[in-house]
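Residues annotated as Mn(2+) 2 binding site in Swiss-Prot, with sequence analysis given as evidence: Lys269, Asp274, Asp292, Glu353. Annotation comment: Swiss-Prot describes Asp274, Asp351, Glu353 as Mn(2+) 1 binding site. According to Swiss-Prot, the feature active site maps to Lys281, Arg355, an assignment based on sequence analysis.
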Amino acid sequence: MSTRTARSLGPDLVLAGTVAKRAEILVVGLTSGPDGPEIALSEGIVAEDVLAEILDSLIAVGATGKPEQLTRVPAPSALSVTSVLAVGLGSADKLDSEQIRKSAGAAARSLSGIDTVATTLSILDLGAAAEGFALGAYSFTEFKSSMTAPGPDSQPLARVELLVPSPRTKETKATLARSAAIAEAVATAREFVNTPPSHLYPAEFAARAKALGVEAGLTVQVLDEKALEKGGYGGIIGVGKGSSRQPRLVRLEYASKKRGARKVALVGKGITFDTGGISIKPAAGMENMTSDMGGAAAVISTVVLAAKLGLPVNVVAYVPMAENMPSATAQRPGDVLTQYGGITIEVVNTDAEGRLILADAMVRAGEDNPDYMIDTATLTGAQMVALGNRTPGVMGTDEFRDRVASISQSVGENGWAMPLPEELRGDLDSKVADMANVTPHRWGGMLVAAHYLKEFVPEGVQWAHIDVAGPAYNTSGPWGYTGKGGTGVPVRTMISVLEDIAVNG
């Protein structure tokens, strides 16, 4: 079985029972231990004496099995490949799916210029290995000219043969199909985030979201600026009116074939570029605000993925899109706007715009009577101050918040449950409107933003808010299966939550 994740988004993933002659390199896992490194399980696919020869070569050049350590040695003559790449897995007794995923990604990143590899990592965990290789090999080169585009010797890895004992079973094929679909969804979210705002503005973003939705069989509706104005979407209009690029609201609905299936609303912040508006940001690092639609990218990719997987759960996604710019028509600090549904807001700071567009979309999503609601956004710098750039903050109704955070940790996206202290809500009181969009102080900024959003969650709906301000965009060096730029977080969390709801309600 072979499955291509998407054009240029990842390598061809192929199930195999033996190392084919086409493969140039065999990738194996190496665990560490008190008695030295060991090659991880191979299920008889590679002969024991050959593995022993490989291990001797690896030890001779100093391989230890340290997590994601890469060591390449010539292949024994008994193998058809030219070399063996060992990737460290760490201690065998601590090995889990996420480490396999990260190690596979590290291997994939090191294999530019290689057409085909075979790997035994898939014997340990087929799904994790497939996702790791696919995401590690992802690259974004759309805007590279012929002068700087990767040449033949530096193209991303093209094909991965995933070695398993029984490559033709229905269960094995289904596992690979799911993992390939997840990798494609994550890569699609990365593509959106990495596309510059000159090419991905609200109207274009909406058009691309619609095209993906229609292709997946979703019901799609796009509201333009006139429809938003007429409908009373004051938050989206207020944020977007400073830009010549008019705002949009996209609705994508996946209807399960299962009678009585639970309904989940997904809402994602889609600020295609954020200058801060009149409350303008410092110039240093502002170019990274191309990532301020990371939540929207993840939501679009997730609802499309739910349809492709045929999940027995209903999903309705709302994606508000706007560009936050300073101009003569931009909203001002001190303005008052009316959110969809009627709550009036004093705009104290125009750089706290994400919550304004999310609130409109959340109230509208509530009209679809969901059982659960998840919103996600690159919402606050305070998230990075509190949790760093790899740990999303998860807030919301206690039980569902903890459920989402637990699932996020299990899939390697590491969401962390955070409280919503009641005393912080009072800091959003306004003298001129129902609420202010920020507090007069900077304490607990991530939690205050969640308190703001909580005001727009319908009564009785289980809700989780995932702040991915840091985790959605990697500004440091590559690691594991994550390169620089868009990461696709929290697609894997949200699809796993949908799967969990489909099974457990």
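The backbone N, Cα and C atoms fix where each Cβ goes, glycine too.
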Would you find the one among the recorded positions Lys269, Arg355 whose Cβ has the most company, meaning other Cβ atoms within 10 Å?
Lys269
Lowest 10 Å Cβ neighbour count of the binding-site residues Asp274, Asp292, Asp351, Glu353 is held by Asp351
Neighbouring CB atoms within 10 angstroms of the CB of Lys281 (active site), all protein chains considered, total 15
Quick check for you: of the recorded positions Lys281, Asp351, Arg355, which have their Cα within 10 Å of the Cα of Asp274 (Mn(2+) 2 binding site)?
Lys281, Asp351
Alpha-carbon spacing, Arg355 (active site) to Lys269 (Mn(2+) 2 binding site), which is rounded to whole Å:
8
Sorry to bug you, but what's the C-alpha spacing from Lys281 (active site) to Asp351 (Mn(2+) 1 binding site), rounded to the closest Å?
8
Between the Cα atoms of Glu353 (Mn(2+) 2 binding site) and Lys281 (active site), what distance do you get, rounded to the nearest Å?
12
Please classify the secondary structure at Asp274 (Mn(2+) 2 binding site) using three-state DSSP.
strand
Applying the rule Cβ within 8 Å of the centroid of the Cβ atoms of Asp274, Asp351, Glu353, what extra residues of the same chain belong around the Mn(2+) 1 site?
Val239, Ile271, Thr275, Gly276, Gly277, Ser279, Lys281, Asp292, Asn324, Thr350, Ala352, Gly354
The correct three-state DSSP answer for Lys269 (Mn(2+) 2 binding site) is coil
Integer Å value for the Cα distance linking Lys281 (active site) with Lys269 (Mn(2+) 2 binding site) is 18
